[in-house]
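Visitor: First the structure, then my questions, so here it is.
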Amino acid sequence: MATEPPSSTAPQQDNDEDDLHNKDVDSIERIFESKKLNLTTGIIPSLNVSAGLLGFFFVKTWTKFLDKSGGFGSYLFGMSEVIAKQSNEANSAQNIKNPSLAWMIAFLFIVSFLGLFSVVPLRKIMIIDFKLIYPSGTATAHLINSFHTPQGAKLARKQVRTLGKFFSMSFLWGFFQWFFTGGDDCGFASFPTLGLKAYENKFYFDFSATYVGVGMICPYLINVSLLVGAILSWGIMWPLINEKKGDWYPADLKSSSLHGLQGYRVFIGIAMILGDGLYNFIKVLGYTLFGLYHQFSKDKTKGEPVSGNSSPDLPSLSYDDQRRTRIFLKDQIPNWIAIVGYLTIAVVSVITLPHIFHQLKWYYIAVIYIFAPVFAFCNAYGCGLTDWSLASTYGKLAIFVIGAWAGGSNGGVLAGLAACGVMMNIVSTASDLTQDFKTGYMTLASPRSMFVSQVIGTAMGCIISPCVFWLFYNAFHDLGVPGSQYPAPYGLIFRNMAILGVEGFSTLPDKCLMLCYIFFGFAIFVNGVRDLVGKNRARFIPIPMAMAIPFYIGGYFAIDMCVGSLILFIWSKVNKAKAAAFGPAVASGLICGDGIWTLPSSILALVGVNPPICMKFLSRSTNVKVDSFLAS
């Protein structure tokens, strides 16, 4: 998401290869921070501004892949036995693969570098020839450029001090809360702030500094959409469907069974996500095709090639753009290196991936690698126009196609999830790195040094990210369990998409398919209305994708995020300039401090040190029974 309008010119000094020798001390913070977000709700906000702030002192490009590598909260964890037991469908041994540090690191090393090579030939076409905007990359570049002024440098130092102060406060708050979590449903995170009945329906404020900070970063509309989705699902729909117990579904089912209420929660949410994804896929694809047609028509009229080794007409550019273009083209990476690199890694992947996932046949992988560059180009181009990456949509497409091709009896669920990982790594890298190249273009960074940084960052991410997830996996034994501290909701969602692709609609409870159709159409309809009414009115209409997230996990985190929005809103009314300057720093401090506390808390859990106090909240009648029991 773009967070700032373009407002500055080229920086006063160039970035060069010496940047590679700076130490990025916030890399580990961002890994823990993003991993925690991934395993709690699956929402990862755009952290480009906070990364740019810290990048004034450290290297931003090294951090990029450290929180992008892997799919530990979605498709990878969706393969595990913990998630398979919740679905109760297609949970045979051939459709399960429990996390292991060795195969996760190997898998990421095999698939994560393909996107790097697929994006190199696109770099000049997208940024120099097509002059795509890439709003987030442009906003980050303007933020970094502003630091290279006396006033900007002074402000940046103040922002970093503010970030450090709130980082410390958030870390200490997490430490303080830990003392009261000595049992299930204990601590401030289980405080029934809106009453016990609301708590049962997932409406409460859980005192999470992380999601208050996320709420300060995310746009107001996202936070309100989440709250609307929570009210619609947990406040209205699920209580009504629960009354149909014994009619629409058997009354004796476990709460985790997908043939009961859990099935409605999961599949209706999936229907909304797919409806939103399909609409935006068609929309962005339309923009992409129209843009390409317009670009090729314009170039044909002018008699110019769309791409090539020739330089653009520099005299027609401004001084800043001339300087940017010369530096951007100076250290070009030859296209033959990108092509050979892609083909080499593709061949290695086709040979090795079936040894990690024997359900994923070599010809499935070959087909993915044939189509992936096309999807990568479309995603990178569409992202440059709209700032919207559809990587997860392409991943879901791979789930359905490869899962159905393999079939349920041949491990189609696992094959689909693995194919999703391969596709998402390639396609998301294309858009992410082109965004970064746009930032590098505008900040006069050396493209070659950026590429080297990204290769090193990717390698770091392939090792560190699995290790961090492994720490979570071993420290928190209820990881992925609904209602736990880390429910990893997208693990179950992605697995059930794979089951749906393999087994069809037979797994759905009664009336669920009809409701799925309704909410699938509802998502498309709302998106259409948002586009028709224009931007000014669309900001008052909720976003279906955001509405769908609380359908499965509840509304507690939406309340946290709305509190963050409220803090920023009041702050902006009191002092708009100060809120704009220091809001991202405060939010980043809250997120990073709470996120980094996960490291010592995980280590304490691993060595068997448990919190000494359980602070639990009971109703008056239950408390009387407990007192009577203890007194007897």
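From the backbone N, Cα and C atoms, a Cβ is placed for every residue, glycine too.
Unlike curated entries, TrEMBL annotations are predicted automatically.
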Visitor: I'm validating the feature mapping. Which of 37-59, 405-427 is tagged transmembrane segment in TrEMBL?
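Guide: Within the set 37-59, 405-427, TrEMBL attaches transmembrane segment to 37-59.
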Visitor: Go through the chain and flag residues at least 6 beyond the ends of the transmembrane segment (549-571) whose CB is under 8 A from any CB in it; none is fine as an answer.
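Guide: 40-43, 201-206, 208, 211-218, 220, 222-224, 226-227, 229-231, 233-235, 265-266, 268-269, 272, 482, 487, 489, 492-493, 578-579, 583, 587.
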Visitor: Could you give the residue numbers and ranges of same-chain residues that sit at least 6 residues beyond the transmembrane segment (362-381) on either side and whose C-beta is under 8 angstroms from one of its C-beta atoms?
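Guide: Sequence-distant neighbours of the transmembrane segment (362-381): 114-115, 118-119, 122, 126, 130, 132, 284-285, 288, 291-292, 342, 346, 349-351, 353-354, 389-391, 394, 398, 402, 405-406, 415, 419, 422-423, 426-431, 434.
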Visitor: Out of 101-122, 261-282, 451-476, 512-529, which stretch touches the transmembrane segment (333-356) the most, going by CB pairs under 8 Å?
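Guide: Highest pair count goes to 101-122.
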Visitor: To the transmembrane segment (451-476), which of 101-122, 261-282, 512-529 is linked by the most Cβ pairs under 8 Å?
Guide: 101-122
